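Visitor: Quick one: the structure is below, questions incoming.
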């Protein structure tokens, strides 16, 4: 059995909360907004099946200096026939795109037509076990025992390279899509660079100097029979021009492979190792999903950062850090004094939503689960490369939000010293809550400099996407979808990076009520023909 699991638990920690309210008390300075409440029923509506695939122009006062396409991927199917998708991250992927040109914009969306998606659509029932909790036959163990097949969800991120668009999910290979019509072309092995049993993670990084695409995969180490004792971490580096493989390096690492993201510096790939335990037998016996077989190692004294050399024969550097868990990293870079800095969204504990604890199996977990996980914060780790030791740990985001996620930076500053990171932020400064607004954090000063929240407790902003404008690091735009769960409305919002506290400089209604998405990218200059693209959707 092949196991290759990289978790979305931090997203779940950002998404589920025990807090519920229909009103809000907002306190704000001129640049930072704080609110103690959100509307849980409105939040639940963000996990709904998107019913239509369409293509149309949208209305708004769009900046004329935005030219290109904003692609985003995310789970958007939460029911198959009469069966519910119990865990949000078991939902099939849907890609959205908004193309901007000359002050106008148009939208389209399609589900990724993976074989598993098509098979279940035709059968009108769940045919595959989910990695996070969804099971066949509404969880009956006799329908799931010894069946370890899972489907590629293609629901996490998108990658664009030279008129090629890929939908990514770390448990499998990429699916290629047409970037204009979003039609699915099929699963690919990236010019033969991915072996039959090899996957391709969802969180790549693009080196701004070379344009190379650096990504990874976590899989089983063939020399280790117990996956909880060791794993294989594979690093890929492809040309950003044609996706030809430049180098591929394999690193056998200790412990269970639990990595959803990584960061790159000039010379290293930075990966975190969480102290967790894995018991495969409940999965084999059909009682739990893979994610539900993972638990915190309460006896662990430390977590680890692995620094994997991008080139040359240098060995892996292993750094012990205080016990913590990360799923999304902001950036990494090497200072001239020999210090490596890595910034990551961290929590002190991890809690996977377990369907066995769900008292209402006929309802999805986001409606019933009482999550007690710690909130996530942005932390900076400084490492002495020569001495191979941790120098310091600094938390930089607790001043304005008790929970932050989805870090985004200017793409030209990947692997380099930088100043600003933009994160999704919970409304409260004291209680962990779903991501609802946006915070701008100055990592050089170690504090939040701006925070914006939507006016209504019914509204939630998803991950932002950075669009460069000028030379300065914060000279650009942020693109994001805003969902109102009570009105069932979606709005495309555009922010000026220099003043996000001002709120959106443009709000454009999207007629399609979207679900909460995950990750996206902006492709400068990519402007396909609207009318030709619309023809592929037929008359609607």
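Glycine too: its Cβ is placed from the backbone N, Cα and C atoms.
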Visitor: Quick one: which of 87, 260, 410 does TrEMBL put in the Fe cation site with 203, 328, 519?
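Guide: Given 203, 328, 519 bind Fe cation in TrEMBL, the matching entry from 87, 260, 410 is 260.
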Visitor: Could you check what DSSP calls residue 328 (Fe cation binding site) once collapsed to helix, strand or coil?
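Guide: The three-state answer is strand.
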Visitor: Given a separation of at least six residues and a C-beta threshold under 8 Å, show me what packs close to residue 203 (Fe cation binding site) in the same chain.
Guide: 157, 170, 215, 260, 261, 262, 328, 329, 519
Visitor: Other than 203, 260, 328, 519 themselves, what residues in this chain have Cβ atoms within 8 Å of the centroid of the Fe cation site's Cβ atoms?
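Guide: What remains near the Cβ centre is 156, 157, 202, 261, 327, 329, 518.
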Visitor: Check residue 203 (Fe cation binding site) against DSSP and tell me helix, strand or coil, would you?
Guide: coil
